[in-house]
Amino acid sequence: MASPRLETFCCPNRDPATEFVVTFQPVLFGALSLGSAALSLLFAILQILPKRKGYRRLGQYPLPRPASSSRILFIISICDIMGCAGIIVRSSVWLGLPNIIDSISVANSTDVWPEVFCVGSAMWIQLFFSASFWWTFCYAVDVFLVVKTSAGISTIILYHMITWGLALLLCVEGVAMLYYPSISDCEQGLQHAIPHYATTYAPMLLVLVANPIFFNRTVSAVTSLLKGRQGIYTENERRLANEIKRRFFKIMLVFFICWVPNIINESLLFYLEMQTDINDSSFRNIRNAALITWFIMGILNPMQAFLNTLAFHGWTGFDVDLSLQRRRELAWDSVSTSVPNATSHNPVVGSTLLYQSHVQDAKKNMMGNGQHHSDGISVLSEGSESSTVEIHISSELRDYEDVDADGESLENSVRH
(Lines of atoms letter the chains of each structure in order from A; the text may use other names.)
(Lines give C-alpha, C1' and ligand atoms only; values in the text may rest on other atoms or scores of the structure.)
Protein backbone atom coordinates (compact mmCIF):
# COMPACT_ATOMS: atom_id res chain seq x y z
CA MET A 1 0.00 0.00 0.00
CA ALA A 2 0.99 3.63 -0.39
CA SER A 3 1.31 5.38 2.96
CA PRO A 4 3.89 7.87 4.23
CA ARG A 5 3.88 5.86 7.47
CA LEU A 6 5.92 3.17 5.76
CA GLU A 7 8.57 5.74 4.88
CA THR A 8 8.49 7.05 8.44
CA PHE A 9 8.95 3.47 9.64
CA CYS A 10 12.32 3.39 7.85
CA CYS A 11 13.63 5.78 10.51
CA PRO A 12 15.12 3.77 13.39
CA ASN A 13 13.84 6.39 15.86
CA ARG A 14 10.28 6.36 14.51
CA ASP A 15 7.32 7.85 16.35
CA PRO A 16 5.11 5.63 18.59
CA ALA A 17 2.03 5.87 16.32
CA THR A 18 3.95 4.59 13.30
CA GLU A 19 5.54 1.85 15.40
CA PHE A 20 2.10 0.83 16.63
CA VAL A 21 0.45 0.23 13.25
CA VAL A 22 3.41 -1.09 11.25
CA THR A 23 4.45 -3.68 13.83
CA PHE A 24 0.90 -4.96 14.44
CA GLN A 25 0.59 -8.38 12.76
CA PRO A 26 3.17 -7.57 10.04
CA VAL A 27 2.98 -11.05 8.50
CA LEU A 28 -0.79 -10.89 8.06
CA PHE A 29 -0.62 -7.35 6.75
CA GLY A 30 2.15 -8.26 4.31
CA ALA A 31 0.23 -11.30 3.05
CA LEU A 32 -2.95 -9.26 2.48
CA SER A 33 -1.04 -6.51 0.68
CA LEU A 34 0.84 -9.05 -1.44
CA GLY A 35 -2.31 -10.91 -2.43
CA SER A 36 -4.24 -7.75 -3.24
CA ALA A 37 -1.39 -6.26 -5.28
CA ALA A 38 -0.77 -9.50 -7.20
CA LEU A 39 -4.43 -9.91 -8.15
CA SER A 40 -4.78 -6.26 -9.09
CA LEU A 41 -1.63 -6.29 -11.23
CA LEU A 42 -2.66 -9.52 -13.01
CA PHE A 43 -6.16 -8.35 -13.86
CA ALA A 44 -5.04 -4.81 -14.75
CA ILE A 45 -2.57 -6.18 -17.31
CA LEU A 46 -5.26 -8.53 -18.61
CA GLN A 47 -7.66 -5.60 -18.96
CA ILE A 48 -5.38 -3.42 -21.09
CA LEU A 49 -4.15 -6.17 -23.40
CA PRO A 50 -5.79 -6.21 -26.87
CA LYS A 51 -8.66 -8.64 -27.34
CA ARG A 52 -9.83 -10.68 -30.31
CA LYS A 53 -13.44 -9.79 -29.59
CA GLY A 54 -12.77 -6.49 -27.92
CA TYR A 55 -15.01 -3.95 -26.34
CA ARG A 56 -14.87 -1.85 -29.53
CA ARG A 57 -15.33 -2.73 -33.17
CA LEU A 58 -13.25 -1.15 -35.88
CA GLY A 59 -15.27 1.04 -38.19
CA GLN A 60 -15.01 1.78 -41.86
CA TYR A 61 -13.12 4.98 -41.14
CA PRO A 62 -9.34 5.12 -40.62
CA LEU A 63 -8.20 5.54 -37.04
CA PRO A 64 -5.67 8.25 -36.19
CA ARG A 65 -3.11 7.64 -33.54
CA PRO A 66 -4.40 7.67 -29.94
CA ALA A 67 -4.68 11.20 -28.59
CA SER A 68 -4.11 12.74 -25.22
CA SER A 69 -7.09 11.57 -23.12
CA SER A 70 -6.66 7.96 -24.22
CA ARG A 71 -2.94 8.10 -23.60
CA ILE A 72 -3.60 9.54 -20.15
CA LEU A 73 -5.87 6.63 -19.23
CA PHE A 74 -3.21 4.19 -20.41
CA ILE A 75 -0.47 6.00 -18.47
CA ILE A 76 -2.63 5.98 -15.31
CA SER A 77 -2.94 2.20 -15.65
CA ILE A 78 0.83 1.85 -16.13
CA CYS A 79 1.53 3.98 -13.03
CA ASP A 80 -0.88 1.86 -10.99
CA ILE A 81 0.72 -1.34 -12.26
CA MET A 82 4.22 -0.09 -11.38
CA GLY A 83 2.99 0.88 -7.91
CA CYS A 84 1.54 -2.60 -7.44
CA ALA A 85 4.84 -4.12 -8.56
CA GLY A 86 6.61 -2.14 -5.82
CA ILE A 87 4.13 -3.38 -3.21
CA ILE A 88 4.64 -6.97 -4.37
CA VAL A 89 8.43 -6.70 -4.09
CA ARG A 90 8.33 -5.01 -0.69
CA SER A 91 5.75 -7.40 0.78
CA SER A 92 7.58 -10.44 -0.61
CA VAL A 93 10.87 -9.37 0.96
CA TRP A 94 9.24 -8.56 4.29
CA LEU A 95 7.48 -11.94 4.33
CA GLY A 96 10.52 -13.90 3.13
CA LEU A 97 12.97 -12.04 5.39
CA PRO A 98 11.01 -11.15 8.55
CA ASN A 99 14.20 -10.11 10.35
CA ILE A 100 14.57 -7.14 8.03
CA ILE A 101 12.02 -5.19 10.08
CA ASP A 102 13.96 -5.88 13.29
CA SER A 103 17.17 -4.80 11.54
CA ILE A 104 15.83 -1.25 11.19
CA SER A 105 16.76 -0.11 14.67
CA VAL A 106 19.09 2.28 16.42
CA ALA A 107 21.02 -0.59 18.01
CA ASN A 108 21.83 -2.05 14.60
CA SER A 109 22.63 1.20 12.82
CA THR A 110 25.75 -0.22 11.13
CA ASP A 111 23.62 -2.41 8.85
CA VAL A 112 22.31 0.08 6.30
CA TRP A 113 20.91 -2.28 3.64
CA PRO A 114 17.57 -2.90 5.38
CA GLU A 115 17.08 0.86 5.63
CA VAL A 116 18.12 1.36 1.99
CA PHE A 117 15.60 -1.24 0.83
CA CYS A 118 12.93 0.21 3.08
CA VAL A 119 13.43 3.74 1.75
CA GLY A 120 13.88 2.68 -1.88
CA SER A 121 10.74 0.54 -2.02
CA ALA A 122 8.67 3.17 -0.20
CA MET A 123 9.84 5.92 -2.59
CA TRP A 124 9.10 3.73 -5.63
CA ILE A 125 5.54 3.11 -4.47
CA GLN A 126 4.93 6.74 -3.53
CA LEU A 127 6.38 8.06 -6.80
CA PHE A 128 4.15 5.98 -9.09
CA PHE A 129 0.96 6.36 -7.09
CA SER A 130 1.60 10.09 -6.78
CA ALA A 131 2.12 10.23 -10.56
CA SER A 132 -1.16 8.35 -10.96
CA PHE A 133 -2.90 11.06 -8.91
CA TRP A 134 -1.44 13.83 -11.06
CA TRP A 135 -2.38 12.02 -14.28
CA THR A 136 -5.93 11.54 -13.00
CA PHE A 137 -6.15 15.28 -12.43
CA CYS A 138 -4.76 15.95 -15.92
CA TYR A 139 -7.37 13.61 -17.39
CA ALA A 140 -10.18 15.66 -15.85
CA VAL A 141 -8.62 18.86 -17.21
CA ASP A 142 -8.06 17.31 -20.64
CA VAL A 143 -11.60 16.05 -21.23
CA PHE A 144 -12.92 19.46 -20.20
CA LEU A 145 -10.58 21.23 -22.62
CA VAL A 146 -11.51 18.87 -25.44
CA VAL A 147 -15.20 19.65 -25.12
CA LYS A 148 -14.95 23.31 -24.10
CA THR A 149 -11.92 24.79 -25.84
CA SER A 150 -8.97 22.93 -27.30
CA ALA A 151 -6.29 20.45 -26.36
CA GLY A 152 -3.75 19.86 -29.08
CA ILE A 153 -1.23 17.06 -29.37
CA SER A 154 1.33 19.30 -27.64
CA THR A 155 -0.68 19.17 -24.40
CA ILE A 156 0.42 15.59 -23.72
CA ILE A 157 4.01 16.85 -23.50
CA LEU A 158 2.91 19.49 -21.01
CA TYR A 159 1.08 16.84 -18.99
CA HIS A 160 4.25 14.72 -18.85
CA MET A 161 6.25 17.69 -17.60
CA ILE A 162 3.67 18.54 -14.94
CA THR A 163 2.95 15.04 -13.65
CA TRP A 164 6.41 13.48 -13.59
CA GLY A 165 8.08 16.74 -12.58
CA LEU A 166 5.76 17.38 -9.64
CA ALA A 167 5.66 13.73 -8.58
CA LEU A 168 9.45 13.45 -8.54
CA LEU A 169 10.00 16.87 -6.97
CA LEU A 170 7.50 16.33 -4.14
CA CYS A 171 8.70 12.79 -3.48
CA VAL A 172 12.37 13.78 -3.22
CA GLU A 173 11.61 16.92 -1.23
CA GLY A 174 9.39 15.05 1.25
CA VAL A 175 11.88 12.26 1.77
CA ALA A 176 14.79 14.69 2.16
CA MET A 177 12.88 16.55 4.87
CA LEU A 178 11.89 13.33 6.61
CA TYR A 179 15.34 11.73 6.69
CA TYR A 180 17.29 14.84 7.68
CA PRO A 181 20.07 14.77 8.83
CA SER A 182 20.41 11.03 7.96
CA ILE A 183 18.29 7.90 7.57
CA SER A 184 19.77 6.34 10.69
CA ASP A 185 19.12 9.45 12.78
CA CYS A 186 15.91 11.19 11.68
CA GLU A 187 14.76 14.26 13.51
CA GLN A 188 11.75 13.62 15.70
CA GLY A 189 8.67 15.78 16.10
CA LEU A 190 5.36 16.21 14.34
CA GLN A 191 6.37 19.51 12.76
CA HIS A 192 9.34 17.85 11.08
CA ALA A 193 7.21 15.13 9.47
CA ILE A 194 4.34 17.36 8.29
CA PRO A 195 6.06 18.49 5.02
CA HIS A 196 6.54 14.85 4.04
CA TYR A 197 2.90 14.00 4.67
CA ALA A 198 1.74 17.16 2.90
CA THR A 199 3.67 16.29 -0.27
CA THR A 200 2.14 12.80 -0.22
CA TYR A 201 -1.49 13.80 0.25
CA ALA A 202 -1.56 17.07 -1.74
CA PRO A 203 -2.15 15.42 -5.17
CA MET A 204 -4.66 13.01 -3.63
CA LEU A 205 -6.70 15.85 -2.15
CA LEU A 206 -6.43 17.76 -5.43
CA VAL A 207 -8.11 14.90 -7.29
CA LEU A 208 -10.79 14.50 -4.62
CA VAL A 209 -11.70 18.20 -4.77
CA ALA A 210 -10.97 19.37 -8.33
CA ASN A 211 -11.87 16.36 -10.48
CA PRO A 212 -15.60 16.31 -9.60
CA ILE A 213 -15.76 19.99 -10.54
CA PHE A 214 -14.10 19.44 -13.92
CA PHE A 215 -16.20 16.34 -14.62
CA ASN A 216 -19.40 18.19 -13.77
CA ARG A 217 -18.49 21.09 -16.05
CA THR A 218 -17.58 18.67 -18.84
CA VAL A 219 -20.97 16.95 -18.61
CA SER A 220 -22.70 20.34 -18.70
CA ALA A 221 -20.71 21.33 -21.79
CA VAL A 222 -21.52 18.07 -23.57
CA THR A 223 -25.21 18.46 -22.69
CA SER A 224 -25.21 21.95 -24.18
CA LEU A 225 -23.45 20.57 -27.23
CA LEU A 226 -26.09 17.89 -27.69
CA LYS A 227 -28.94 20.35 -27.24
CA GLY A 228 -27.41 22.76 -29.72
CA ARG A 229 -27.23 20.12 -32.42
CA GLN A 230 -30.90 20.31 -33.40
CA GLY A 231 -32.27 22.62 -30.74
CA ILE A 232 -33.90 19.69 -28.91
CA TYR A 233 -32.86 17.22 -26.24
CA THR A 234 -34.14 13.79 -27.27
CA GLU A 235 -34.06 10.48 -25.46
CA ASN A 236 -30.92 9.44 -27.32
CA GLU A 237 -29.07 12.57 -26.27
CA ARG A 238 -30.23 12.02 -22.71
CA ARG A 239 -28.98 8.43 -22.76
CA LEU A 240 -25.60 9.57 -24.07
CA ALA A 241 -25.26 12.28 -21.43
CA ASN A 242 -26.16 9.78 -18.70
CA GLU A 243 -23.54 7.37 -20.01
CA ILE A 244 -20.89 10.07 -19.71
CA LYS A 245 -22.03 10.87 -16.17
CA ARG A 246 -21.83 7.21 -15.19
CA ARG A 247 -18.31 6.93 -16.51
CA PHE A 248 -17.05 9.95 -14.60
CA PHE A 249 -18.91 8.75 -11.52
CA LYS A 250 -17.18 5.35 -11.71
CA ILE A 251 -13.76 6.97 -11.97
CA MET A 252 -14.36 9.09 -8.87
CA LEU A 253 -16.00 6.20 -7.00
CA VAL A 254 -12.90 4.05 -7.47
CA PHE A 255 -10.69 6.88 -6.25
CA PHE A 256 -12.84 7.49 -3.16
CA ILE A 257 -12.98 3.79 -2.27
CA CYS A 258 -9.25 3.24 -2.65
CA TRP A 259 -7.87 6.39 -1.00
CA VAL A 260 -10.33 7.91 1.48
CA PRO A 261 -9.32 5.23 4.06
CA ASN A 262 -5.80 6.68 3.90
CA ILE A 263 -7.03 10.11 4.94
CA ILE A 264 -9.10 8.64 7.78
CA ASN A 265 -6.20 6.51 8.99
CA GLU A 266 -3.74 9.38 8.86
CA SER A 267 -6.07 11.61 10.84
CA LEU A 268 -6.40 8.97 13.54
CA LEU A 269 -2.65 8.39 13.73
CA PHE A 270 -1.94 12.12 13.89
CA TYR A 271 -4.34 12.36 16.79
CA LEU A 272 -2.59 9.51 18.58
CA GLU A 273 0.80 11.02 17.83
CA MET A 274 -0.15 14.21 19.62
CA GLN A 275 -0.97 12.30 22.80
CA THR A 276 1.49 11.71 25.62
CA ASP A 277 0.69 7.99 25.91
CA ILE A 278 -1.03 6.33 22.95
CA ASN A 279 -1.49 3.13 24.98
CA ASP A 280 -3.84 4.82 27.42
CA SER A 281 -7.12 2.91 27.77
CA SER A 282 -9.14 6.00 26.83
CA PHE A 283 -7.70 5.77 23.28
CA ARG A 284 -8.67 2.14 22.75
CA ASN A 285 -11.36 2.88 20.17
CA ILE A 286 -9.04 5.25 18.32
CA ARG A 287 -6.34 2.57 18.18
CA ASN A 288 -8.80 -0.05 16.93
CA ALA A 289 -10.12 2.28 14.25
CA ALA A 290 -6.56 3.08 13.16
CA LEU A 291 -5.71 -0.62 12.86
CA ILE A 292 -8.90 -1.41 10.92
CA THR A 293 -8.33 1.39 8.41
CA TRP A 294 -4.65 0.38 8.18
CA PHE A 295 -5.58 -3.12 6.99
CA ILE A 296 -8.29 -1.72 4.70
CA MET A 297 -5.62 0.47 3.10
CA GLY A 298 -3.37 -2.54 2.59
CA ILE A 299 -6.12 -4.21 0.58
CA LEU A 300 -7.75 -1.31 -1.29
CA ASN A 301 -4.73 0.79 -2.28
CA PRO A 302 -3.27 -1.83 -4.66
CA MET A 303 -6.73 -2.65 -6.06
CA GLN A 304 -6.83 0.76 -7.73
CA ALA A 305 -4.92 -0.67 -10.70
CA PHE A 306 -7.65 -3.17 -11.58
CA LEU A 307 -10.61 -1.05 -10.51
CA ASN A 308 -9.40 1.88 -12.62
CA THR A 309 -9.33 -0.27 -15.75
CA LEU A 310 -12.90 -1.32 -15.01
CA ALA A 311 -13.94 2.31 -14.65
CA PHE A 312 -12.09 3.30 -17.85
CA HIS A 313 -13.01 0.42 -20.16
CA GLY A 314 -15.45 -1.90 -18.42
CA TRP A 315 -14.68 -5.61 -18.36
CA THR A 316 -12.76 -6.44 -21.56
CA GLY A 317 -12.72 -10.23 -21.16
CA PHE A 318 -10.10 -12.98 -21.33
CA ASP A 319 -9.84 -13.39 -25.12
CA VAL A 320 -6.38 -11.82 -25.47
CA ASP A 321 -4.95 -11.23 -28.93
CA LEU A 322 -1.23 -10.39 -29.00
CA SER A 323 -0.91 -10.20 -32.77
CA LEU A 324 0.86 -7.08 -34.08
CA GLN A 325 -2.00 -6.03 -36.35
CA ARG A 326 -4.55 -6.04 -33.53
CA ARG A 327 -2.16 -4.15 -31.30
CA ARG A 328 -1.99 -1.34 -33.81
CA GLU A 329 -5.74 -1.20 -34.08
CA LEU A 330 -6.44 -1.06 -30.36
CA ALA A 331 -8.09 2.09 -28.97
CA TRP A 332 -7.74 2.58 -25.24
CA ASP A 333 -10.56 5.00 -24.59
CA SER A 334 -14.19 4.37 -25.46
CA VAL A 335 -17.58 4.88 -23.92
CA SER A 336 -20.45 3.32 -25.78
CA THR A 337 -24.03 2.28 -25.33
CA SER A 338 -26.47 0.78 -27.79
CA VAL A 339 -30.24 1.04 -27.99
CA PRO A 340 -31.74 -1.95 -29.80
CA ASN A 341 -35.16 -1.68 -31.35
CA ALA A 342 -38.05 -3.78 -30.19
CA THR A 343 -38.31 -5.95 -33.30
CA SER A 344 -35.56 -8.15 -34.64
CA HIS A 345 -35.85 -6.75 -38.15
CA ASN A 346 -35.20 -3.18 -37.16
CA PRO A 347 -31.62 -1.85 -37.23
CA VAL A 348 -29.56 -1.64 -34.09
CA VAL A 349 -28.80 1.97 -33.35
CA GLY A 350 -25.75 3.05 -31.40
CA SER A 351 -24.84 6.01 -29.26
CA THR A 352 -21.19 6.64 -28.67
CA LEU A 353 -19.05 9.36 -27.15
CA LEU A 354 -15.40 9.30 -28.19
CA TYR A 355 -12.77 11.74 -27.01
CA GLN A 356 -10.03 13.16 -29.19
CA SER A 357 -9.93 11.49 -32.57
CA HIS A 358 -11.08 8.06 -31.45
CA VAL A 359 -13.50 7.06 -34.18
CA GLN A 360 -15.68 4.15 -33.14
CA ASP A 361 -18.66 2.78 -35.11
CA ALA A 362 -22.14 3.27 -33.95
CA LYS A 363 -23.69 -0.18 -34.16
CA LYS A 364 -25.38 -0.43 -37.55
CA ASN A 365 -27.41 -3.16 -39.25
CA MET A 366 -28.76 -3.32 -42.80
CA MET A 367 -31.55 -5.77 -42.00
CA GLY A 368 -35.17 -4.94 -42.79
CA ASN A 369 -35.40 -1.91 -45.05
CA GLY A 370 -31.69 -2.03 -45.91
CA GLN A 371 -30.94 1.38 -44.47
CA HIS A 372 -28.34 2.67 -42.02
CA HIS A 373 -29.83 4.94 -39.34
CA SER A 374 -26.83 6.68 -37.87
CA ASP A 375 -25.76 10.26 -37.85
CA GLY A 376 -22.34 11.55 -36.81
CA ILE A 377 -21.39 14.93 -35.47
CA SER A 378 -17.76 15.93 -35.62
CA VAL A 379 -16.75 18.73 -33.27
CA LEU A 380 -13.20 19.96 -33.85
CA SER A 381 -11.31 22.16 -31.38
CA GLU A 382 -9.28 24.82 -33.10
CA GLY A 383 -8.66 22.43 -36.01
CA SER A 384 -6.47 20.21 -33.88
CA GLU A 385 -6.14 16.61 -35.03
CA SER A 386 -6.04 15.34 -31.47
CA SER A 387 -8.84 17.51 -30.13
CA THR A 388 -11.82 15.84 -31.70
CA VAL A 389 -15.01 14.79 -30.02
CA GLU A 390 -17.05 12.34 -32.06
CA ILE A 391 -20.65 11.96 -30.99
CA HIS A 392 -22.58 9.32 -32.90
CA ILE A 393 -26.26 9.73 -32.18
CA SER A 394 -29.06 7.48 -33.43
CA SER A 395 -31.27 9.01 -36.07
CA GLU A 396 -33.84 7.83 -38.57
CA LEU A 397 -33.51 10.82 -40.86
CA ARG A 398 -30.70 9.51 -43.07
CA ASP A 399 -30.72 6.83 -45.75
CA TYR A 400 -27.81 4.67 -46.83
CA GLU A 401 -26.46 7.21 -49.37
CA ASP A 402 -26.49 9.99 -46.75
CA VAL A 403 -24.47 7.85 -44.36
CA ASP A 404 -21.86 7.23 -47.05
CA ALA A 405 -21.58 10.98 -47.57
CA ASP A 406 -21.27 11.50 -43.81
CA GLY A 407 -18.52 8.89 -43.75
CA GLU A 408 -16.50 10.69 -46.38
CA SER A 409 -16.97 14.01 -44.58
CA LEU A 410 -15.92 12.47 -41.25
CA GLU A 411 -12.86 10.87 -42.80
CA ASN A 412 -11.78 14.18 -44.29
CA SER A 413 -12.27 15.98 -40.97
CA VAL A 414 -10.12 13.42 -39.14
CA ARG A 415 -7.34 13.69 -41.71
CA HIS A 416 -7.25 17.45 -41.25
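Placement of Cβ uses the backbone N, Cα and C atoms for every residue, glycine included.
Long-range contacts of the transmembrane segment (27-49) within the same chain: residues 1, 74, 77, 80-81, 84-85, 87-88, 91-92, 94-95, 98, 294-295, 298-310, 313, 315-316, 318, 320, 322, 332, each at least 6 residues beyond the stretch ends and with a Cβ under 8 Å from a Cβ of the stretch. What TrEMBL lists as transmembrane segment is 27-49 (among others).
As annotated by TrEMBL, transmembrane segment applies to 70-89 (among others).
Among the features that TrEMBL reports, transmembrane segment is placed at 123-145 (among others).
The transmembrane segment annotation in TrEMBL covers 157-180 (among others).
If you look up TrEMBL, you'll see 200-219 (among others) marked as transmembrane segment.
Summarising the annotation, TrEMBL assigns transmembrane segment to 248-272 (among others).
Here TrEMBL flags 292-318 (among others) as transmembrane segment.
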- Are there 3 or more C-beta pairs under 8 Å linking the transmembrane segment (70-89) with the transmembrane segment (292-318), counting only pairs at least 6 apart in sequence? yes
- Task: Please give the sequence-distant neighbours of the transmembrane segment (123-145): residues at least 6 beyond its ends with Cβ less than 8 Å from one of its Cβ atoms.
- Result: 1-2, 4, 6-7, 68-69, 72-73, 75-76, 79-80, 82-83, 86-87, 90, 151, 155, 159, 162-164, 166-168, 170-171, 175, 200, 203-204, 206-207, 210-211, 214-215, 217-218, 221, 251, 255, 301, 304, 355, 381, 387
- Interface-richest range of 70-89, 157-180, 248-272 toward the transmembrane segment (200-219), CB pairs under 8 Å: 248-272
